[in-house]
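Here's what TrEMBL has on this protein:
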- A:A166, A:P167, A:S168, A:R169, A:C170, A:G171, A:K172, A:T173: ADP binding site (BINDING)
- A:282-304: region 'Disordered' (REGION)
- A:294-304: compositional bias 'Basic and acidic residues' (COMPBIAS)
Protein chains: 2
Amino acid sequence: MPGESPEAERGSTPARGRLAYFVSDSTGITAETLGNALLINFPAISFETYSFPFVDTVDEAELVVREMDGAADVGEPPLMFTTVKVPAVRAVLARARAVTVDLLSGHLGLLEEALGTTASEQLGQYHGVGDVERYFGRMRAVEYALEHDDGQSMRGLDAADVIIVAPSRCGKTPTTMYLALQYGLRVANYPLIDDDFEREALPSPIAPYLKRCFGLTTNPLRLSQVRHERRPSSRYASLEQCTYELRRAEELYARFGIPYMNSATKSVEEMSVVILQTIRDRDTTHRDKRKRTHEGVPGEGARI
Amino acid sequence: MPGESPEAERGSTPARGRLAYFVSDSTGITAETLGNALLINFPAISFETYSFPFVDTVDEAELVVREMDGAADVGEPPLMFTTVKVPAVRAVLARARAVTVDLLSGHLGLLEEALGTTASEQLGQYHGVGDVERYFGRMRAVEYALEHDDGQSMRGLDAADVIIVAPSRCGKTPTTMYLALQYGLRVANYPLIDDDFEREALPSPIAPYLKRCFGLTTNPLRLSQVRHERRPSSRYASLEQCTYELRRAEELYARFGIPYMNSATKSVEEMSVVILQTIRDRDTTHRDKRKRTHEGVPGEGARI
């Protein structure tokens, strides 16, 4: 049927890469996460990815199959990454002329055998609300993070799981938000400014919470670029000022024994995991530092 | 060696559930996401989960294996969910007395065959910075979200991909942050207040951007509970006031044709995916509403 396949829709525009579809009966976040983690192993190939979340009926599945078959008609068979569990929907998807990577079912079979039980017929609502207490904990953590962003509020700092400190524009805020949203941690962040460097002391509101502080630094050139975006040609953005602040911040971290890392070479995801590990190591009574066990992330049990 | 296994560490405390380990040579986010998505299918079994990110050397792997074997000595063999790619590290992990769910390698083999090429020897840095432009786009989106949270700034509203509107405490902020962090969307959010309901109009700063608005509602009882947490026994938190605001908000959405959903029954992940779909449908020139194709989420190509 014309206009129903992506090829037809694009008309004469050729596909920009090998087509890959993420098909899920829920949000599709798991399918995308793992699908992308697989595709990244083929850096020489360009992929054009499409997401089909909430494919939970036979009718929906038939539309997806028609789309994939339309693509197969005019090019190479597309890749399909799927996490769909419902047998009737799976049966429809299995008919698609696509290379199917079934992300869950094989593993589920293995787990059923190991656990001596069958998987629930209920849909795995992993990205649903799930454990309500844990979910609202994450939501409250986002609120907390907003209220305590950039030193906005001193109230409630004693409730912080971690306080991220750094000069302006080193990546405090995105890391704070990621830790709150994904892990439900109460994260405050606090800017370090010239006053602090001159006093060679932590800002007084956070000084009582030294043990909860985690520092960020970055590369002077990178910092200068980022600051120029905000205030072009300012002293604030000058390479000289950036170099000074970062050097003094690192001295401060060293003086007070504050763990820190360089945000220029790490993603927010990587930084968040490092900070999590640091908190867990700090909080554990077991002091064997080689041991990196910590409570399940995002939390005990599987229901999050 | 005493004190090195979780059992020994806990001393006489018994495991609270079947042990499951997420082992990764990177952040472990993929291993946790898919591992948890699998475990949730066994709701009758209690799991105790541990994450081991950054296991990228033989030495690290040996520590992990020792820990798992220690657990196997005193209980059922633990489950291990792994995304490790490095052959030498994989070889060590393969010796563990654990039920191993290898989340990537089998699928990689299938893809290698379909794509007629071998997977890169490079580590898949999926949760690394990856595509630098896309990464900094996400970071800028977080900034944008903060600056435009709760109607704080009118400047730059014309740059918003979506403006989430709702009465206070309906879940605007966490959804905004999730969309920014995960998908790099520029999301503003704006509160609806009694004035707007009396005028039966959208707040004037967002009125020009009607087509970008997305509404949230919730259940009056739920809203009242959430507001009581913030301002106990206030008129603001009263069931009567909450019922009024939600009813009027829904009337406003209907009058202006603003798409909306109920945040009481959906997680931020689910709401974000629904909003993404709405934006993509809105922006597509193809008007066949049954067709749900949209640009790959989080974006074209696999490198994010």
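Note: Cβ is positioned from N, Cα and C throughout, glycine not excepted.
Projection of TrEMBL feature records onto the structure.
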| residue | record | Cβ neighbours (10 Å) |
| --- | --- | --- |
| A:A166 | ADP binding site | 25 |
| A:P167 | ADP binding site | 25 |
| A:S168 | ADP binding site | 16 |
| A:R169 | ADP binding site | 24 |
| A:C170 | ADP binding site | 28 |
| A:G171 | ADP binding site | 26 |
| A:K172 | ADP binding site | 27 |
| A:T173 | ADP binding site | 22 |
For this session: Sequence order please: the binding-site residues A:P167, A:S168, A:C170, A:K172, A:T173 that have their Cβ under 8 Å from a chain B Cβ, otherwise just none.
Result: A:T173
For this session: Would you list, in sequence order, the residues of this chain other than A:A166, A:P167, A:S168, A:R169, A:C170, A:G171, A:K172, A:T173 that have their CB within 8 A of the centroid of the site's CB atoms, where the site is the one recorded for ADP?
Result: A:N189, A:P191, A:L216, A:T218, A:S263
Seminar exercise, completed: Reading the DSSP string in three states, the entry for A:T173 (ADP binding site) is helix
